[in-house]
Amino acid sequence: MTVSYTAEVASVRGLGCFLKLLVRWKGSIYKLVWMDLLVFLTLYYSLNCLYRFFLDEYGKLMFQNIVQYCKLYIDLIPLSFVLGFYVSVVMTRWWGQYTAIPWPDNLAVFVSTTVHGQDERGRVMRRTIMRYVCLCISMTFTMISPRVKKRFPNLDYFVEAGLLQQNEKEIIEDLDKKSPTYSKQWLPIVWAASITTRARKEGRIRDDFAVKTIIDELNKIRGQCGMLLNYDHISVPLVYTQVVTLAVYSYFLTTLMGHQWIDDGSNYKFDVYMPIFTLLQFFFYMGWLKVAESLINPFGEDDDDFEVNWMVDRNLQVSYLIVDEMHHEHPQLLKDQYWDQIAPVELPYNPNITKESHPLPSTANIAKKQETVDMTPSSVKIDDFQSNDMNSGPIMFTANSNRNLSASVRSRGSQLSMGTSVPDGTMTRVNSVSSMLKRFFSREDSRTDNRPDSRLGSTQELINLTQKPKPKIAPDVIEEVDEQLTITSQRSAKESRPSVLGYFPPSDPIDMPASLSHRSNESRYDQSPISKSAPVAQEEEENDDVSIGGSETDPSGSDDEFSKLRKKRSEERLTRLKVNLARSASVCDPNMGEADILLYPTSPGTPGSSLNI
């Protein structure tokens, strides 16, 4: 089980809380490296004794040359980089394996909430679903953890522990015989999903969303079990582990010779008895390697490995408590002691505990500036320019924070000409062009027509329509001027609003003579078509029955425009008739006379049968 020391380092007092952790043995670095350190010291002192007591002068000279050579090239091994990166990868993998461990608590809450029924069948369904989930997790642990495998060597032990029934064991064994290659830890999850769908058909689960929630949680647990198996199958690449191991052991084999004491005239003889810094170096690097060896598989039997047997017991107990003991049970609903206060002002403290002060923001103790900020809204002034210089450049706005300026502007009246200031506090950001125009036209529609034809809405009237309380803004800030107000302010105060009558002046009234309802047949334009195949001319003939301004028999209207128009239309009709006759004559025999042409028989099938009169 992981050795926890969090309680001992909760508060830092004295010289440091880590110093008292150095004397612990379980889970310590001493327990991991003491055997390797003993072997290293044995080899080191053996070589030292060989040099000092057993070698002759030539052998000592050769030993010194080897020591110098090893000391010169020992730093070429990049031990710190290789070992540090490897331990970082192992630590990340170690924490990832812990987060991948599935816990059935969430699923137990969902099952207890959604699977209804206080009868025996409802209780069996809830307990069986959670038992299958715990069985799946335990079967996964037996595949990756030696501890759990020793506890459950085969399926009979699961039956004995109550995680598996005898009939369920026979089903798993039969399935193993049919497909012995792959593991069957996912089979209990399939059974749990089937029970969930059966509960939905029986009405014990009220809606499909609850079914989906349970199925999703089952799939999540199955995925986490699969992730644990993936961590077990796919380890850190072996070549990287071999490189780190060779780097560490080759470094300290070189250190056995490179850090030996030799009689080369040096003034210190400390290494004769104890190589202090060599031992510290061995302790750090070899301890680093042992940490990686211990954490690369946290499901083993090391001191810092996960206690998976405790997880097996805990999962089954908590699951049964949630879905059975606490199913649809809760304490009696009572008013809390702060019912009348809505929220407590302060919770009581133990008299033996010092009351803590509430946290403050980082800028709470900074002194506030003594200068006052002028919050008077600034005024906006439109630079002077003439109406004929509209295209000369953009409209310029200047801000003025003088308070007297806004007061003098308000006293100027309702007329605003070019070069005057906009009244202070009237044109605010909340008045957009669309809202101002909507209010303006709604007021314009309700106005009567007995007003004089002048400028119906001046700039001051538009501003009054959008009048709102003065906003509190900081000085030296240019207020936003509405586009429509700016355009309107460019007009002259005496300029009248353009109207339709200005572009289309009224004309003198025209006397409309009464039309003659009875006209003689002689007064009509008697010109019958040559052929009935000319309906256009016939229609025009029939439409001329109405006399508007006069007729040939009405001398009173002979001089008006309508009579002239009628005469002109008659001439055009005769012209078209002659043209059509000429076209008809072109298809007849050239020896025929004009009278023969007029009497020439026509039919719809002949070329001259269509006369466009």
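Keep in mind that glycine also has a Cβ here, set from the backbone N, Cα and C atoms.
Going by TrEMBL, these are the annotated features:
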- 441-454: compositional bias 'Basic and acidic residues' (COMPBIAS)
- 561-570: compositional bias 'Basic and acidic residues' (COMPBIAS)
- 441-460: region 'Disordered' (REGION)
- 488-570: region 'Disordered' (REGION)
- 32-51: transmembrane segment (TRANSMEM)
- 72-95: transmembrane segment (TRANSMEM)
- 129-148: transmembrane segment (TRANSMEM)
- 234-252: transmembrane segment (TRANSMEM)
- 272-289: transmembrane segment (TRANSMEM)
Dominant neighbour of the transmembrane segment (234-252) in 32-51, 72-95, 129-148, 272-289, by Cβ pairs under 8 Å:
72-95
Listed stretch, out of 72-95, 129-148, 272-289, that has the most CB pairs under 8 angstroms to the transmembrane segment (32-51):
272-289
Counting by DSSP, what is the helix, strand and coil composition of the compositional bias 'Basic and acidic residues' (561-570)?
10 helix, 0 strand, 0 coil
Could you pull out which residues elsewhere in the chain have a CB under 8 Å from any CB of the transmembrane segment (129-148), counting only those six or more residues past its ends?
102, 104, 107-108, 111, 115, 158, 162-164, 183-189, 191-192, 195-196, 214, 218, 221-222, 225, 228-229, 231-232, 299-301, 306, 308-309, 311-312, 315-316, 319-320, 322-323
